[in-house]
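J.: Dumping the structure here so I can ask a few things about it.
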Amino acid sequence: MTIYTSIERIGSNLCERYIDDDGFEHMRKVKYEPTLFIHCNEETGYKDIYGRNCRPKMFDTMGEASKYIKETKQFNEVLGMDDFIVTYISDVYKQREFDMSRIRIANIDIETPSVEFPEAAHAPVPITSIGHYDNIDDKFYVYGIPSNTEWKRESSIVKPELLEKTVYIRCATEKELLVKYLQFWREKTPAIVTGWNIESFDMPYIVNRYKNLFGEKVMNSLSPWGKVQVSTTVNDYGQEICKVNILGVSELDYLQLYKKFTYVTRPSYRLDYIGEVELDEKKVEFEQANYLEFYEQDYQNFIDYQIQDVNLVKRLDEKLQLMLLTISLAYYAGINYQTVLGTIKPWDAIIFNSLKAEKKVVPMMRSHEGGRFMGAFVKAPQVGYHRGIGSFDLTSLYPSIIRECNISPETIVGQLDYEGSLEDRIDKIVEGLITFPADELSNSANGMQYRKDVRGVIPVEIEKVFFQRKANKKKAFEYEQQAIDIQKQMDEQGETPELRAAYEEAKHQAKIYDVQQMARKILINSLYGALGNEYFRFYDLRNAEAVTAYGQLAIKWVARDVNIWLNKVCKTTDKDYVIYGDTDSIYVNFDPLLELTGINKLEGDDYTDKFAKVCETVETKVINPSYEALHKYMNTYERQMFMDREVLARTGFFIAKKRYALDVQDNEGIRKPKLKIMGIETQRSSTPPLCQKGLKEAIRLILQEGEAKLQEFVKGYEKEFKAAPYQEVSFVSSANNMNKYSDDKGNPGKGCPGHVKGALYYNKLAEEHGFDKINEGDKIAVVFLTRNKHGIDRIAYPSGGKLPEAISYLIDHVDYNRLYEDKFIKPLSAISEAIKFDYKKTITLESFFG
């Protein structure tokens, strides 16, 4: 099982690193001779995606091929894949199976002690230690320069199991450290280098430090091909941003993987905070004001700190498996690892490989003019408090629309003209005022028409991935069930080595298949994004709009039919029972029907069972026929609109688009009561932690216990809030545009946003007291202040951290009253006004006079 780990284009060669069948690493240079295609009249066995004949045109070098593309671009003459790394992988690695345990991954972290955080673009201060975990060796290598004392293994606070795997290399000087580390790096050159925030700091700093101390030749020796690319740009905030590319080594910043693939927003992305929320484990704490003092005064804990930093990233991946996810996507698409982080390249390669197998030729990448197109439909909610809410959502809406309408570049027939806005046109289709005479053509709501006699490339590919995901989900479930059965057997009969091994293997296989299904899910969800990206090979603005327009039609169409049915059953006229709709979902007010049938008087499972039956009836009698009728009305290729019941909620409220809360009794058949809160401050990472907790409880009381209980809670919560630690009531933001909003002395200027003021005040105090400053773009926590000797009304500090000891006196000036009003009462008032609740007891004339 030979598999590539890196392929780089350098000059006329493709420079490849690969692992052979026995697990040994190799390098080779290949003088690749690419093939492109041009149209012809004769039959050759090759056709473009439109069915026209093509013949191959071979080139001796990649340079010649690139030159030919450039020279003929204006004539639209040349066809084929112009990314020769993708074509080479496709030629050589037809079966891309891999074994993660054979791919060498380095997890690194560097320390550069200084009073202020040094810029990676200049690397001005020495590197005093480097931590490096090698997954093949399963060891932590730590290179360090002692300061006040030596690092002693027996004095370490690191866990014993980590110490057993730690190899400490003592160095006398920075040059010795860098020379020894370079020797080690070249002996065990990783295929992948990862770590936390290494793209912005560690890797550019290491590269620039080697350049500063030893020159470019030594710097380039970090690359197995002797070539390191360094680029520096200036961002919108005037900061120099340095990016490096060590050719032959893929850089996968774990911070970037976490942001891209976990689909959660955090108030802070500091490793310390992420480690705590994901692993319940933090960095090693230190008392010093900055890293320089930490290094100089406590070298023992300084090295322990480094080991723990590397270990946190290692443990995060053991839990999240984002490295496996990324590598799986890379090999599935047939691209380099780091290319997975791009928006369009994975699908570009997937479609190319699929068409190549059928001797179909992709069009050449063209420059497209971007444009705006209709977005998703969001129905304005019926603001207020509601009972008996059922929601239904469409399965994989945008991918399903692509399949239903057969949307693809080569299936386009044309676009029907229409008067007025697209929104008006969709409404007319819903009203039955527009007809589509040609049965042989599939239609979307924006007038686009597609062939039905051939299946489009895009629908075919998304269907393949869809079914692969389904198969992997099934396998993951089977192995998970197997693990449950083995665990039950061990509980009943006792554990044996054989059963334990079988259990671990089942869990391992379940995780692998789960990662594979997640990889497919990511691909499915990303295709529509690629389709609407002007840099995508198969981009067409009309197709992108055809998808969203049909999505709007699908929701409006079914809402019409649900309303017709409920009005008939409940004997009402023109009542809108669809409380809200958003992209692929509708939220329906079933309370009048539940009242008619007496279901609203039931409790517990009796209520939920009967309510579920009502929704099942609506699915069967209304929704399914509705989408079958839509498919026939629009003459689409095949029906792919399938809507399932999602939540059953006894109560709920809506206050604006994308802002609502539901007391869910059942979610897709799973009886696990919980609150579903969307868009309200409880869900915002900027909301203080204690306010998130307080608002969530207030919402629970509103939905489950009523106004009196809410008033009782708010009265007691105010006392809890004002007695809480300041970190619990701090609100989170980002320190952006600090240079823009400050003068040459670092003072806030005119129009400076409040949170930026707080960061600038903090940095002024940092200069005075010698602790680390807040950097541009950092996540910060902010608190309001009462009168103080500095005359400032707020202070920021690094999110997830605390105020430095030197300015801890400001804790006594935290303005709890203002924070309480602004961060708790203000959002609670917005909810209360919308649902006509009073969050505090008011005295009326009637109550006053008894």
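Backbone N, Cα and C define each Cβ position, glycine as well.
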J.: Tell me which of 35-40, 77-82, 335-340, 845-850 corresponds to the region 'Interaction with the polymerase clamp' entry in Swiss-Prot.
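T.: So the range that Swiss-Prot calls region 'Interaction with the polymerase clamp' is 845-850.
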J.: Have a look through Arg366, Arg469, Arg560 and flag the one Swiss-Prot assigns to the substrate site that Ser396, Leu397, Tyr398, Lys521 belong to.
T.: Arg469
J.: Could you look at Asp202, Asp584, Asp591 and say which one Swiss-Prot places alongside Asp393, Leu394 in the Mg(2+) 4 site?
T.: Asp584
J.: Of all the recorded positions given, namely Asp309, Asp393, Asp666, which is spatially nearest to Asp582 (site 'Optimization of metal coordination by the polymerase active site') at the Cα level?
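T.: Checking each of Asp309, Asp393, Asp666 against Asp582 (site 'Optimization of metal coordination by the polymerase active site'), the shortest Cα distance is to Asp393.
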J.: List the residues in the vicinity of the substrate site, defined as same-chain residues other than Ser396, Leu397, Tyr398, Arg469, Lys521 with C-beta within 8 angstroms of the site's C-beta centre.
T.: Thr395, Pro399, Ser400, Phe466, Ile524, Asn525
J.: Just to verify a number: CA distance, Asp109 (Mg(2+) 1 binding site) to Lys521 (substrate binding site), in angstrom, no decimals.
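T.: Rounded to the nearest whole number, the Cα-Cα distance is 32 Å.
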J.: Check Asp202 (Mg(2+) 2 binding site) against DSSP and tell me helix, strand or coil, would you?
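T.: Note: Asp202 (Mg(2+) 2 binding site) is helical by DSSP.
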J.: Leu397 (substrate binding site): which of the recorded positions Asp202, Asp309, Asp584, Lys658, Asp666 have a C-alpha within 10 angstroms of it?
T.: Asp584
J.: Through the lens of DSSP with three states only, how would you label Arg469 (substrate binding site)?
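T.: Once the DSSP labels are grouped into three classes, Arg469 (substrate binding site) ends up as helix.
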J.: Using the Cβ center of Asp109, Glu111, Asp309 as the Mg(2+) 1 site position, which other residues in that chain lie within 8 Å, going by their Cβ?
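T.: The surrounding set, listed in chain order, is Ile110, Ser129, Gly131, Tyr305, Gln306, Val310.
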